[in-house]
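Annotated features in Swiss-Prot:
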type	residues	note
TRANSMEM	24-44	transmembrane segment
ZN_FING	136-178	zinc finger
REGION	182-212	region 'Disordered'
COMPBIAS	185-195	compositional bias 'Low complexity'
Amino acid sequence: MSTATLVVFPPPPPVPIPTYITSLGLGYSIAIALGFLVLISTIILSSYICCRASRLRFSASAANANANASFSDRGVIVPRIIFVAEDDDLESGNVVVGGLDHSVINSYPKFHFTKDITAVVNGDGFHDGEGRETTCSICLCEYMEEEMLRMMPECKHYFHVYCLDAWLKLNGSCPVCRNSPLPTPQSTPQSTPLSEVVPLSQYAADRRRSRR
């Protein structure tokens, strides 16, 4: 009787992975890592530029606010006023522009406004007066306590110092009544009365918003 013999063969060796496949996977990993670093760097740089620009804009606005505040006198902000005449059909040859000298404007009397003001300035000093205005006819803002005002010497109309100074540099007469302190009418051209002038100013709106 014959005996069967069982022969066991060893498993075949594993197939070797080509080296170019291994190097290709390493290259992909390096490329992905570099791309990720570039993306992160771009985001950080963009954020820095945006923050820098925002700070510069804030610094510029703060500098402008400080410059405007430096011209204030007891709470009065220098107004930026543009006067536009409603009747623009006049020929340019007939329009005469003139104003007063700085020394003449400075010679006009100044005083501090009070709520119970009952005196106006004349050539001899103070005397009682009635019907005093509480609103500047140039900037259309109410006078605040202790604000510095300047008065026209003839008609006794008074306004904010900066408002009247800016007006008199361009016009030699009162903004309300056209009265001129100069003796000869030829030396001071007739200016557009305030009732026919439209003041375009941010001063009034800013003052009203600040009081709310």
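Placement of Cβ uses the backbone N, Cα and C atoms for every residue, glycine included.
Mean pLDDT, taken over the zinc finger (136-178), works out to 86 on the 0 to 100 scale. Taken through DSSP, the zinc finger (136-178) splits into 10 helix, 8 strand, 25 coil.
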